[in-house]
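Novice: Per Swiss-Prot, the feature signal peptide maps to 1-21. Per Swiss-Prot, compositional bias 'Basic and acidic residues' is recorded for 60-69. What Swiss-Prot lists as region 'Disordered' is 60-83. Annotation comment: Swiss-Prot describes Cys75-Cys90, Cys82-Cys95, Cys89-Cys110 as disulfide bond.
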Amino acid sequence: MNTVRVTFLLVFVLAVSLGQADKDENRMEMQEKTEQGKSYLDFAENLLLQKLEELEAKLLEEDSEESRNSRQKRCIGEGVPCDENDPRCCSGLVCLKPTLHGIWYKSHYCYKK
C-alpha cells in the first residue's frame, strides 16, 4: 500500500512539473500566434482590396464603353422634315431635297443614304 502511495505521489509530481508549461513560454507562444494571425489578416485584407479595385476598374470601363457606344438621343427619322443647315437626321439618313416637289413639302427631308 505504501508503494502504491509513493508511486502515485511520484507520478503526480512528475506530471505537475513536466506537464505545466512556463508562463513566459505560454505568453510568447500566444504573441507569435497573434502576430501570425495578424499577418494572415493583413494578407487577406490586401488580397480583397486588390480584387475590389479590379472590379471597380472593370465597372468604370463598362460605363465609359456604354457612353461611347450609346445611340443618338434626339434625331430625325426617315421622311421627316429637316433643316439643310442643321441636319439632325439619325445615322444612316441624309437631309435631301425631295424628288417630288410640291407646295406642301418643306424644302428638305431625311432619306436613306
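Cβ atoms here come from the backbone N, Cα and C positions, even for glycine.
Describe the structural context of these features.
Specialist: The Cβ of Cys75 (disulfide bond) lies under 8 Å from the Cβ of Arg88, Cys89, Cys90, Ser91, Leu93, each of which sits 6+ residues away along the same chain.
Sequence-distant contacts of Cys82 (disulfide bond), defined as residues of its own chain at least six apart whose C-beta falls under 8 angstroms from its C-beta, comprise Ile76, Arg88, Cys89, Cys95, His108, Tyr109, Cys110.
Cβ neighbours within 10 Å of Cys89 (disulfide bond), excluding its own Cβ and spanning all shown chains: 22. In three-state terms derived from DSSP, Cys89 (disulfide bond) belongs to an extended strand segment.
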Novice: Tell me, how many other CB atoms lie within 10 A of the CB of Cys110 (disulfide bond), whichever protein chain they belong to?
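Specialist: Other Cβ atoms found within 10 Å: 21.
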Novice: Name the secondary structure element type, per DSSP in three states, that contains Cys110 (disulfide bond).
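Specialist: DSSP assigns Cys110 (disulfide bond) to strand.
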Novice: Let me spell it out: for each of the disulfide-bonded residues (Cys90, Cys95), count the other Cβ atoms within 10 Å of that residue's Cβ, using every protein chain shown. Which one has the most?
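Specialist: Per the Cβ count within 10 Å, the most buried is Cys95.
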